[in-house]
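Accompanying notes for the structure given below.
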Amino acid sequence: MNQTASVSHHIKCQPSKTIKELGSNSPPQRNWKGIAIALLVILVVCSLITMSVILLTPDELTNSSETRLSLEDLFRKDFVLHDPEARWINDTDVVYKSENGHVIKLNIETNATTLLLENTTFVTFKASRHSVSPDLKYVLLAYDVKQIFHYSYTASYVIYNIHTREVWELNPPEVEDSVLQYAAWGVQGQQLIYIFENNIYYQPDIKSSSLRLTSSGKEEIIFNGIADWLYEEELLHSHIAHWWSPDGERLAFLMINDSLVPTMVIPRFTGALYPKGKQYPYPKAGQVNPTIKLYVVNLYGPTHTLELMPPDSFKSREYYITMVKWVSNTKTVVRWLNRAQNISILTVCETTTGACSKKYEMTSDTWLSQQNEEPVFSRDGSKFFMTVPVKQGGRGEFHHVAMFLIQSKSEQITVRHLTSGNWEVIKILAYDETTQKIYFLSTESSPRGRQLYSASTEGLLNRQCISCNFMKEQCTYFDASFSPMNQHFLLFCEGPRVPVVSLHSTDNPAKYFILESNSMLKEAILKKKIGKPEIKILHIDDYELPLQLSLPKDFMDRNQYALLLIMDEEPGGQLVTDKFHIDWDSVLIDMDNVIVARFDGRGSGFQGLKILQEIHRRLGSVEVKDQITAVKFLLKLPYIDSKRLSIFGKGYGGYIASMILKSDEKLFKCGSVVAPITDLKLYASAFSERYLGMPSKEESTYQAASVLHNVHGLKEENILIIHGTADTKVHFQHSAELIKHLIKAGVNYTMQVYPDEGHNVSEKSKYHLYSTILKFFSDCLKEEISVLPQEPEEDE
């Protein structure tokens, strides 16, 4: 732990001596006026020196209550952000996990709390995940949890009776000590579903025998109710590929067939005499994709499974399913997307007959975004709401709320737009039929923030910001979750200050209850020297693009500072936001007085489709140009040291950082890339094809987008490459190909390998990763003090 040394400044002012004039015989005559003036001047000089010392003394020496943020701090318990995992059980009850680990039920109307599970229960069963049954009688506890991909994990489970404390192991029939791919409660009573060996099992209640709903499951080939790698990472953004009807009587699920998909082998190097490999289906750009089918199974009475068919125009072509949602107890809405990702069709299917009708079709000249969005339906299904791109003059298209009215007899649809403007609707949260209001999150107040709004669906469409006045000094970035009947909502303040979770009444949002304040983290941060970020706006090609500078707390613009530029991990993401952030780069700012910059150029999200889709067929081109323009702007600032510039990126961010480092603009002294994508042909089909098309038709586009060409440009920079050998997202193959080309070009590099670690390293390796990155940038960016040659002493 770095300690701040205590420094004291001693200034000694001595009175001048009285000097007799030599050669004078007359008695000494004192010039009292002159002496007084001289003493006054000396006192003024002493005062000025003392004042300047105080002013120039760093803050940590004058304010002992604040200390610098260290890497060790990030791993302390009081620096952990607590997520209460709050969820609605019904319209008045919320279940959440308190900061001390108890699972509690809160009634929002009476403020009465009920302890459902003590924190010691987690210790007893070594459980790290929990889920409370809908009837609040049982808890599902997961232990021996092992992460598979980004969202998926395997675990063993026990069922715990809250009242009697009885415990049951959850196992498939005739199997003991099973490891399950998934387990969760249904929507009614004690319904249970779990997935074992890629097959779905169902229990009507905890005392009943398990019923196997599918039998086609085959490891790494046929997936039932659970996603394969491509669907989990790039399409559903979840490992869950099944959906309950509201009454719990039916289950919709995907069957993903990877039998023709090429497989990737991930070797495991440690822990055995001979390394073993994990083999799993991973379609790269242009390769065979998984095929997909959507089924609905009836859970009551004789088990009956029905397939829901794609639209006619998709039956003879490759497609994805990106969204499934129940509209009523028997109807589902499904979104089908072609492989090129520029045509999507929304259908509503009657699951008793299998009949599906097309409700809306979207097309794009580039690609379609927001394809996971779930439409919000009225109870009778006569209208639904979702966001669609709407043109806003020269600024291009922005996502806005549209209301779709279905004519019952003709099945024709009338569309009415409820919002408009140069801002984005992020998500539609709820529709209250009593008040005829729609609730949604938007960027209307600021593209960097998220506020909760309501809008009337009738008459003048009056729009109102619900969250704008809630803790406005602390919160400008929100998410929300409404209760089943929309009478109450959970409000999640996610920044810029320490996150807070609160409960509100929809009728009177100003009345609230704080569920989680993260007070421990708040107190810990108050003791640290953490500065506030500054926002600057850059004008590039008629776009206004945001640049964020995170400055040291004791920043002074007359000093010179090193700069670290951080890249985003995904296209369509957003780095410059009001979200709370504290990570390894916060330590670099504090400990090494480095300025950290983040810039959302073309290809970034939530600023309209025109900015986002500039990267179509130009991945690795316009983003590089914009980031370099941002750096050149920063170099005009007097406090940026042009000789101490650095860059960092992970995944796609590592790809952009590599493209910048090898460009003709030699701006950076060093750079670090973690798990960098180096060739889009080696990456996932759904990702690469979305932005660049099929390799067979776009060979030159893929060549231009590759890091592996002209790597001679990396000769002048100091580069650190970091990669886990078990990365299932960006395979180690990417770094291996890059290193091969660097060696051929005679480029020096530093490599940090994490054996058997994935795309996100485990907790046990995180400290080492962070310290490696920090040491690299600290060494690279430290101020070079030129030592003047010592002059030889002259002989007397």
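Any Cβ shown, glycine's included, is placed from N, Cα and C.
Checking the candidates Asn257, Asn760 against Swiss-Prot, the annotation N-linked glycosylation site falls on Asn257. Check Swiss-Prot against the ranges 1-56, 113-168 and you find region 'Mediates effects on KCND2' recorded for 1-56. Taking Asn63, Asn342 one by one, Swiss-Prot attaches N-linked glycosylation site to Asn342. Taking the Cβ of Asn119 (N-linked glycosylation site) as centre and 10 Å as the limit, one finds 12 other Cβ atoms among all the protein chains shown. Reported as a whole number, the C-alpha separation between Tyr138 (phosphotyrosine) and Asn257 (N-linked glycosylation site) equals 35 Å. In sequence order, Ile221, Ile222, Pro290, Thr291, Ile292, Lys293 make up the list of same-chain residues 6 or more apart from Asn257 (N-linked glycosylation site) whose Cβ falls under 8 Å from its Cβ. In this structure, Asn119 (N-linked glycosylation site) is part of a helix by DSSP. If you take the Cα of Asn90 (N-linked glycosylation site) and the Cα of Asn119 (N-linked glycosylation site), they are about 24 angstrom apart, rounded to a whole number. Asn748 (N-linked glycosylation site) sits 63 Å from Asn111 (N-linked glycosylation site), taking the CA atoms of both as reference points.
Following the DSSP three-state reduction, the secondary structure of Asn111 (N-linked glycosylation site) is coil. Sequence-distant contacts (6 or more apart, same chain, Cβ under 8 Å) of Asn342 (N-linked glycosylation site) comprise Thr363, Ser364, Asp365, Thr366, Trp367, Leu368. The 10 Å shell around the Cβ of Asn111 (N-linked glycosylation site) contains 9 further Cβ atoms across the protein chains shown.
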